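The feature transmembrane segment is assigned by TrEMBL to B:242-261, B:268-287, B:363-383, B:395-412.
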């Protein structure tokens, strides 16, 4: 993002976590409340990134292992004559999906709780900051009118 | 309602306008043809998009060997460095601020007019300023509130209103439709607010406004409140308290029960089916002011319809659900998934037969609706037996035209208000009279 910009910038989805990273703008006179908001957002972003990057990686890895083991059981190679990567069809993959979901359910429940907490906190802080900025703007206008 | 997280925007700009046009004359039979085509187009493009996106991840998947965990941190650093190097981005950062604004606008526009094709689009790879632009706002809010799905929900509510055995009142109808629409917008917005990281990870939903940072969570919540509160107030004060209560309950059920439950247990599908069944009940109570057996029957039909519709759709999305952590029958209990779909197809036949017994329609209704109900049951049976992608797709697409057609047939077979006064009529004569009196 350009150096003179006064707003946050959001980027393309991350390759591993599929989440879009945000670069937060730090205004020169950032109030304590605004700093708390920014830090909360950064923390949530980092935590989400960690979770999903690890989770998606695990998914891909386990999927590869599953395909490999199934193909081996069938006596096939990973690549056929034309060099194309051999894949299993959806019905064969269904066992893997079921297994993966049940294995990770507890992890997801914990993550859900954390995510909801982050989300509510950030939104609430955003509300407070918005209110504070509105009051500040009104006060400034009043001062301009009086002068 | 329930369709919410299943139905999505096709991303084509023109559709919202057609849509507004559509539900203003929702009671008119002439629009049905447009409605079908619209539905088909929306779903076909959407579903095709899903399917084509399903193909993509396979080619994108890392071809590396199994033991790559150690290398990951380095990989990540490399990844972050690569994105700014792309030529488009470089030219972007060199432009003046005015050009930037103009380019961003055109980028946003091209994004909107092209059906979002997932990872392929170049615009997607750029860094965007998180600043709200007022001219983008209507489009963003439309996507946030899932406006097309909302319109479908409103049309099921209108069907409920139309089927109620009372003289048609235009103001009541319009107020009820508007209130239902606002309530649906609110519910959908909150749903998206809750699901940002999950939506980012699923192909179907990764282009939603909150995921892309086009709108802040605070604004999404404010929008939801500014739709929900007036919507429910409108229903409670402008229509009747019962409809308002049902609307509020539906919002609660959808946002606070269904959305979290999706990630906890497969029971979410049943809760979601209730969410979808409530709008027609609301339409009926708006017209009559009371919860009759007729309302419950209409609700029952919508409830049963949800299962073949959703279970068939979810069959093709198993990978995304599994990775995203959603507890869906298609992933965890595939046999149950297909059984339930078939069971409810058959239930539709039963419910259609009950309609004349409750004096909602004439006996021609079960007769005329039998072919379409049998057809969907047949496809349900094929899905049950074959359990493959093609049978699930067939069932899903059938459900898309089945519901509007069923509601239409129901409406044409509606027992008119006057006719109820003398019950001795023969079915043939009663239909003629129904044709005369029905439309205002």
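Each Cβ is built from the backbone N, Cα and C atoms, and glycine gets one as well.
Automated prediction, rather than curation, is the source of TrEMBL annotations.
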The transmembrane segment (B:242-261) versus listed stretches B:268-287, B:363-383, B:395-412: most Cβ pairs under 8 Å: B:268-287
Any contact, the transmembrane segment (B:363-383) to the transmembrane segment (B:268-287), with at least 3 Cβ pairs under 8 A: no
Sequence-remote partners of the transmembrane segment (B:268-287) [C-beta within less than 8 Å, at least six residues beyond its ends]: 1-3, 153-154, 156-164, 166, 169, 172-173, 175-176, 180, 184, 235, 239-240, 242-243, 246-247, 249-250, 253-254, 257-258, 261-262, 294-296, 298-307, 310-311, 327-329, 340
